[in-house]
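A.B. asks: Quick one: the structure is below, and I'll ask about it shortly.
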Amino acid sequence: MATISVNHLSFSYPTEDGQKPLTLADLSTTFPSGGFSLLTGPSGSGKSTLMKIISGLYPKFGGLITAGEVCLNGTKISNIPETDRGHLVAMMFQNPNQQFAMDTVERELIFALENQCVPPADMMARVNRALDYVEINELRQRQLNSLSGGEKQKVALAVIIAMQADTILLDEPFASVDPVARQLLLAKLAKLQHEEHKTILISDHDLEDYDHYIDHLFVLNANGDSLKLLSDEAAKQKLDHFKRQDTSNQELGLPATTDQPLIQAHHLTLTAGNSTLLAQPEINFFQHHITLLTGANGTGKSTLLLAISKLHQYAGSLLLNQKEIAKMRTRQLYQQVALIFQDADQQFLNVTVSEELTLSLKNSRTPAYFKERLPEFLTKLHLEDLQDHVVYTLSGGQKKKLQILEMLIMATPVLLLDEPFTGLDFSSLQTIIAIMKQVTHDNQQTLVIVSHQLFGLDTLVDYHVTLTNKRLQYVEELA
Amino acid sequence: MNPSLKFLLAVLIALEISFTSTWLVNLGLAVIGLLIILSSRPTLKRLAMLFFVPLIPALALAVAILLQSNAGTHFALVLFTRIYAYVFVGSAATLTTTVTDLVMSLEQNARIPSKFAYGFLGAFNLLPKIVSEVNVIRAAGNMRGQVLHIWSPQLYFKAILASLDWSENLAEAMTSHGFTEGAPRTYFKRIRIHWWDWLIFAGSLALLQIALFGLHLR
């Protein structure tokens, strides 16, 4: 067990001209020992920064503590020798792709144990136990690169369990994790807390599913200058407010026989590494319709979008407008198909927000339409004052909004969206869905959306396809 | 054979044949290298590549010597066989060792700082990601009506940005998994240097000297 106390902490990322704007200003609080605490706050408020300071990664890897301190069991973090920190505190990162140093799951676990000087004879037992605990023994020999986002987060948790860290920090760990995997991870964390008395601190802006698990709710405000523990009453209210509308009984239609197929698959097979993700005899996606694609983590939803964008090889046939995608020239294909990547950074080509928007306007299919409406869209999305900002310094949610907007501006006939709504707070989500609806209708676009987050989508999507047991299937229910 | 010693042996052999001109020894080394390569059961494509890729510089060198200098056929033959000896001996070492084993051996036997060993391994594991990242960047460009050619600075700007990001994340990931520069670690897989490793190492070098001198004196 360990108590984390934050005393008058101020933190800054110094700018080039020597200024030190405060990201966190004079924060004080105590995260109770053995508790399950949730830290929330709007995107860009500094949740990740605080987590990294507690884990000891900052200021080693960036920024500057300008005042105050963070203590673990009364000892200042910077005074704890790095070699002992692994036993005390471990962290799971926001981006599942970038938290491993080795190539396979088993080697990563062994690497962590070697670093802790665990005797070699004990290692296998600890690796086995950690993998069993998270129920991922079958991933043991898999290449980390070939795992899905959710699987990677499970591996990251297994590493933390193997390291037997007292305090477990998780920084928005569920952004690319499906609801089933998310429930499993939360249940495992609760078990760790109750049976092994670990202290758990999660940061998230999305509060769904947490009410059964957490003991304390902390709120960091937008400016990063106030960190408060909510009373049980206030916490309950905030959590209830976040309960999503029940999507289970919303009905959509099935495709009509008059619908024009635009993307057609015949005997399509998709593989990742040695495993087959999809074996599909027939499926069509229809012109001028918005189709939602759901399925558990690692089932191959993103891979299907990549295949349609010619960024992943496939076997069988995949046609766009009766033309085989694998045989189309890339430039010709990308005039008709655009993909909104899961990772917003991959979309950006320029440095500042306004440069990004200018490029899209210049090459748009309907520049006049967007020139007229852009100022309104920017205001609605709260991006109007960020025009001079470097895109890579935006917060996760701001990046997502900019990314979706600049790809909508292109007005490509087919738009594929891979988890476009991650990291968006509630009001941004509603705004972006409204804009998408308007734009795609006015420009007669065809959309395929992969999303775990279903809230508000009933008004946007026409059809719903699920991916289970390597098959795609149209269903009537939304959930 | 121990990976570190194997690589040291390959380097020493390559160095030695750079300063000698006995084509029979080169040929012998190439044949031994080829036998070791065959024992690792390479794919036919890889084997074909191993024969054809060195053919271009080997032929170019030999032809240049024959036409442009008066060093004679003997020297052309030496250079031709030397290139094959380099490639086959080098491939014999790399194709029979995994990168992980080599890195672990370098760390444990050659005492290379663990920071370099794991940094190298991390970078190596990133290689396939860099290739796919470049494809993604070009696709992202095309989707915005911006063609990024292989010589476009923008392509490299993005690729370098991504690499910088990855390297920082890799360092943070290693730290959060308990890695500390210079701190003692335990090893799940001990890589030892056995007496027979030394025997093969010394024996191979001795045989090479005998072959070189024998043929030289003849």
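Note that Cβ sites are derived from N, Cα and C of the backbone, with glycine treated the same way.
Pulled these features from TrEMBL for this protein:
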type	residues	note
TRANSMEM	B:12-38	transmembrane segment
TRANSMEM	B:50-71	transmembrane segment
TRANSMEM	B:83-106	transmembrane segment
TRANSMEM	B:195-217	transmembrane segment
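Have a look at these and tell me how they're positioned relative to everything else.
C.D. replies: Only residues 6 or more beyond the boundaries of the transmembrane segment (B:50-71), in the same chain, are considered here, and those with a CB under 8 A from a CB of the stretch are 37, 42, 77, 79-80, 83-84, 86-88, 91.
Counting only same-chain residues 6+ beyond the ends of the transmembrane segment (B:83-106), those with a CB under 8 A from a CB of the stretch are 2-4, 6-7, 9-10, 13-14, 17, 26-27, 29-30, 32-34, 36-37, 39-40, 42, 50, 53-54, 57-58, 61, 112, 117-118, 120-121, 124, 187, 189, 191.
Same-chain neighbours of the transmembrane segment (B:195-217): 1-2, 5, 8-9, 12-13, 16, 20, 22, 24-25, 28-29, counting only residues six or more beyond its ends whose CB sits under 8 Å from a CB of the stretch.
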A.B. asks: Counting only residues 6 or more past its boundaries, what in the same chain has a CB within less than 8 Å of a CB in the transmembrane segment (B:12-38)?
C.D. replies: 47, 50, 74-75, 77-78, 80-82, 84-92, 95-96, 204-205, 208, 211-212, 215-216
